[in-house]
Amino acid sequence: MGNSSDNVRGLILALSSSIFIGSSFIVKKKGLRKAGATGVRAGVGGYSYLYEPLWWAGMITMIFGEIANFAAYAFAPAILVTPLGALSIIFSAVLAHFILEEKLHIFGILGCVLCVVGSTSIVLHAPQEKDIESVKEVWNLATEPGFIVYTSIVLVLVLILIFRFVPRYGSTHMIVYVGICSLMGSLTVMSVKALAIALKLTFLGTNQFIYFQTWFFTMVVIVCCLLQVNYLNKALDTFNTAVISPVYYVMFTTLTILASMIMFKDWDTQNGSQIVTELCGFVTILSGTFLLHKTKDMGNEESKHSSISLASQAKN
């Protein structure tokens with residue numbers, strides 16, 4: 001990671017963000033469960049959770065996490081900040097084990113360890129943040145042909161998922177809801193980084209809000225975030241939290257790194273060994289999330305078999 005003080009600030013903010021966001025999944029799910037017991041569940045189109053204080057507590061926690069995450073992008077490149085979201089997987093999986101009784105198998109614990117190892121590898125070899133002196137520079141990067149093509153593909157895929165796949169497969173295939181959130185999330189991060197840079201430069205004395213580009217990025221962030229929250233709620237209310245978190249992380253991080261490579265060209269200043277090490281770190285994180293996904297029900301099954309065995313012994 002070098003000696004960049006900006007990268008260190010970004011790292012600290014990203015770690016704080018993971019703690020808040022990982023905890024918010026649990027609090028929000030408890031709120032969704034409570035709201036679903038007395039009203040229409042979010043998974044079938046209900047919005048009764050909006051009247052549930054516990055859901056709002058989780059939402060506020062997530063907002064704090066997103067604010068820290070937002071600030072991190074002002075100081076560090078996306079390829080450093082985004083993969084650290086793996087730590088939120090660990091917090092949510094462990095808390096789900098103790099609070100929601102969604103048991104975590106021993107291989108799930110190994111998956112958490114792999115996430116930490118992979119994150120550490122990426123942190124130690126992350127590229128330095130580029131010096132950007134105006135939001136216009138970010139706009140120029142965003143309007144290059146490569147990123148325009150990427151954005152067009154993302155928007156087309158999201159529209160297809162929303163209007164064709166959500167009505168048919170949304171309640172049975174988690175990938176539909178998570179796919180929408182991840183695709184829009186990659187655009188959100190690019191706009192968040194642009195807005196964070198604009199705010200940082202403004203606080204340093206160069207007002208960036210006199211440019212229409214800053215307001216455009218702000219509108220993109222708002223629209224994308226609202227869309228993500230809606231479909232993330234549907235996913236959380238319908239599927240296992242310990243599964244949603246890692247799958248969402250894998251898709252979101254992969255697409256965000258891809259978008260950042262296209263828009264900010266993060267790897268242009270790195271040599272081959274650094275890039276390979278970062279990729280190995282990312283693959284290690286993917287392995288960890290895969291283990292969490294594949295062993296999601298093994299902990300519950302073991303607990304169930306243990307209870308049955310104890311009951312049988314008691315009868316004998």
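Just so it is clear, glycine is given a Cβ too, placed from its N, Cα and C backbone atoms.
Keep in mind that this is a model prediction, so the values were computed, not measured.
In TrEMBL this protein carries:
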type: TRANSMEM; residues: 12-28; note: transmembrane segment
type: TRANSMEM; residues: 49-72; note: transmembrane segment
type: TRANSMEM; residues: 78-100; note: transmembrane segment
type: TRANSMEM; residues: 107-127; note: transmembrane segment
type: TRANSMEM; residues: 147-167; note: transmembrane segment
type: TRANSMEM; residues: 174-198; note: transmembrane segment
type: TRANSMEM; residues: 210-231; note: transmembrane segment
type: TRANSMEM; residues: 243-263; note: transmembrane segment
type: TRANSMEM; residues: 275-292; note: transmembrane segment
(message) Could you check whether the transmembrane segment (174-198) packs against the transmembrane segment (12-28) - three or more CB pairs closer than 8 Å, residues at least 6 apart in sequence?
(response) no
(request) State the residues, same chain only, that lie 6 or more residues beyond the ends of the transmembrane segment (49-72) and have a CB under 8 A from a CB inside it; answer 'none' if no residue qualifies. (result) 9-11, 13-14, 16-21, 23-32, 34-36, 39, 42, 81, 88, 192, 195-196, 233, 237
(message) Out of 12-28, 78-100, 107-127, 147-167, 243-263, what stretch is closest in contact terms to the transmembrane segment (275-292), meaning most Cβ pairs under 8 angstroms?
(response) 107-127
(message) Counting only residues 6 or more past its boundaries, what in the same chain has a CB within less than 8 Å of a CB in the transmembrane segment (107-127)?
(response) 1, 7, 11, 76-77, 79-80, 83-84, 86-87, 89-90, 93-94, 242, 246, 266-267, 269-270, 274, 277-278, 280-292, 294-296, 298-299
